[in-house]
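Quick look at what TrEMBL annotates:
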TRANSMEM  B:19-37  transmembrane segment
TRANSMEM  B:49-67  transmembrane segment
TRANSMEM  B:74-94  transmembrane segment
TRANSMEM  B:100-122  transmembrane segment
TRANSMEM  B:134-153  transmembrane segment
TRANSMEM  B:173-196  transmembrane segment
TRANSMEM  B:228-246  transmembrane segment
TRANSMEM  B:258-275  transmembrane segment
TRANSMEM  B:282-299  transmembrane segment
TRANSMEM  B:305-324  transmembrane segment
Amino acid sequence: MKYTQTLIAAALATAVSGAAFAQDDVKVIGVSIPAATHGWAGGMNFHAKETVERLEEVYPGLDFVLATASDPGKQVNDIEDMVATRNIAALVVLPFESDPLTPPVQAVAESGAWVTVVDRGLSVEGIEDLYVAGDNSGFGKVSGEYMVSAMPDGGDIVVFRGIPTTIDNERVDAFTAAIEGSGINVLDMEHGNWNRDDSFTVMQDFLSKYPNIDAVWASDDDMAIGVLAAIEAAGRDDVQFVLGGAGMKEMIKRTADGDTMIPANVTYPPSMIATAIELTAVGLTSNAPVSGTFVIGSVLVTQENAMDFYYPDSPF
Amino acid sequence: MTVTTTPQTAWLRIPSMSVLGPIIALLVLLGIGAMLNSNFLSAANITNVLARSAFIGIIAVGMTFVITAGGLDLSVGSMAAFIAGLMILVMNAALPSMGIGIPIILLGMLTAIVAGLLAGLLNGFLITTLGIEAFIVTLGSMGIYRSLVTWLADGGTLSLDFGLRTFYRPVYFDGILGISWPIIVFALVVIVGEIIMSRSVYGRHCAATGSNEHVAHYSNVNVKRTRLISYAALGILVGIATIMYVPRLGSASASTGVLWELEAIAAVIIGGTVLKGGFGRVWGTVIGVLILSLIGNILNLTDFVSPYLNGAIQGVIIILAVILQRERKAVS
């Protein structure tokens with residue numbers, strides 16, 4: 001009996017010291033993001049991988065585990081696996097959806113790990129140590145202000161919305177507020193779901209429905225590509241320009257080249273994941289305080305500054 | 001409930017509700033559309049709707065055969081995205097040596113058709129020779145092709161070389177006598193499909209296989225070959241649909257062809273083909289496809305219904321179509 005107890009005690013001691021040793025030696029940062037199922041997410045995946053590879057060389061004391069999920073359920077599994085098998089010291093998470101991800105991320109925070117939330121907030125406040133986000137209201141506001149400056153005499157526009165989400169609502173509300181009283185009339189709004197095919201179809205229908213459209217707020221570059229193809233196919237010359245968004249490299253290039261149909265862009269950088277991972281690494285390895293909220297502003301891209309936002313290696 | 005219907009005889013006597021139902025629904029939709037918007041019946045709008053129906057339509061014709069033979073294919077949407085990606089890669093890679101011209105377009109088309117044939121044969125082989133459930137095999141290949149296209153595109157978008165796209169564009173946007181190519185190809189596929197389904201030995205074999213595999217087997221029908229051919233033909237048709245799709249936007253990404261499989265299956269069922277197999281109708285599938293795309297078109301042309309409800313309205317129509325079919329069975 002005594003012998004067995006000693007054995008268990010010894011085993012426990014070894015396990016505890018082993019775990020402690022692992023924690024002292026290398027800290028693991030878990031990164032959980034949605035899979036690359038559309039352009040922006042593809043860009044985000046690219047920047048996440050690149051940042052992880054770079055930081056593993058910069059910080060020998062840090063180890064990274066990156067998981068991509070195609071739905072919220074898979075993302076919850078990923079996070080549980082990271083906690084169970086990799087003993088993560090910090091979690092950088094871009095939640096697929098706020099509500100289903102809140103409890104598992106809360107559990108990670110309660111276990112004592114550092115939590116960085118990116119882009120989409122959680123449903124309960126105060127869980128995360130650091131919040132890195134794009135400025136959705138700013139995105140809509142900058143877009144709206146550009147429309148007003150580009151159409152000083154007003155005009156008729158159509159608006160493309162993304163997938164029905166709070167992100168989309170924030171952008172559209174801010175856009176609507178920014179063009180209020182400017183003489184710009186929104187003929188119609190429809191969901192293009194941040195998708196080229198859907199936007200092509202919707203734009204074809206808009207062109208059938210309205211004999212004159214002065215401009216389009218496509219609100220995203222994937223949608224802008226579908227919109228442009230529909231305008232080109234219909235041979236209509238009433239549409240003066242299309243304002244996309246999020247800074248796809250092909251569209252930034254066209255703005256830089258002075259394409260009059262794509263005179264501007266508004267950033268919503270997929271590289272914000274890099275900012276989040278980097279700040280988390282700094283927080284774990286130095287005394288620099290990084291907790292709080294870090295909002296990355298949406299910037300207007302025009303022909304003059306377009307090359308500053310051009311990343312030819314990124315898939316987006 | 002064992003259902004062994006002989007719809008052909010019912011159809012010869014008086015057109016039953018299952019025959020009339022989809023046609024009436026189509027006419028009602030056309031009426032509503034014309035009432036709500038004066039541009040609805042314009043040549044440009046009708047052309048747009050028909051051309052955009054062509055992808056799902058061409059695939060749905062193949063799906064009619066697969067379902068009639070008692071099978072199912074959930075992988076067609078992902079397969080289309082993968083083939084589109086492959087086609088773009090091959091054409092971009094061949095561009096420096098071949099230059100822009102007809103040969104490189106033909107190479108792209110050949111790639112699409114061969115890839116479609118191989119993908120269809122693979123599904124068919126796993127289902128018929130290894131005897132795995134069609135639902136499981138194609139659910140698996142759906143995931144595989146979707147991942148492959150994401151991987152090929154490195155998470156972003158595969159884009160056809162700009163000059164090449166300009167050259168290839170007419171395949172979607174031009175045509176003969178103002179009728180665009182996708183519509184012409186769709187019509188040809190439908191005519192050939194309808195003849196095979198209703199007049200050929202193969203069509204009867206499909207119906208026999210789907211109706212009762214064992215009886216068909218004892219009646220000297222090669223059940224496995226019939227099914228294998230239906231999957232291979234569907235694969236080729238996915239390739240043909242992709243040939244029409246690529247010149248439209250000149251790109252493929254992970255979001256290409258999402259839910260096409262369900263739209264194709266829905267169109268087949270709305271058109272009166274029995275989901276359990278044994279009876280298929282190609283012209284009905286065409287009406288099913290048109291109903292589905294007209295709903296989207298009409299909802300875009302009016303502000304009558306919230307766009308959030310598009311899916312709900314399509315769902316109601318699908319369920320109604322199946323209810324109409326069941327009534328017919330009860331009567332006959």
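Here the Cβ of each residue, glycine as well, is placed from N, Cα and C on the backbone.
Here the structure is a predicted model, which means the values were calculated and not measured.
Between the transmembrane segment (B:74-94) and the transmembrane segment (B:173-196) there are fewer than 3 Cβ pairs closer than 8 Å, counting only pairs 6 or more residues apart in sequence, which means the two stretches are not in contact.
Remote same-chain residues near the transmembrane segment (B:305-324) are listed as 17-18, 21-22, 25, 266, 269-270, 272, 288, 291-292, 295-296, 299 (criterion: CB distance under 8 Å, separation of at least six residues from the stretch ends). Cβ atoms under 8 Å from those of the transmembrane segment (B:228-246) belong to residues 54-56, 58-59, 61-63, 65-66, 68-69, 71, 73, 76, 79-80, 83-84, 87-88, 108-109, 112-121, 123-125, 127-129, 160, 168, 171-172, 181-182, 185, 189, 202, 206, 252, 256 of the same chain, restricted to positions at least 6 beyond its ends. Against the transmembrane segment (B:100-122), the recorded stretches B:19-37, B:134-153, B:258-275 differ in Cβ pairs under 8 Å, and the greatest number is found for B:134-153. With a cut-off of 8 Å between Cβ atoms, the residues of this chain six or more beyond the transmembrane segment (B:19-37) that come close are 11, 270-272, 284, 287-288, 290-291, 294-295, 297-298, 301-302, 304, 317, 320-321, 324-325.
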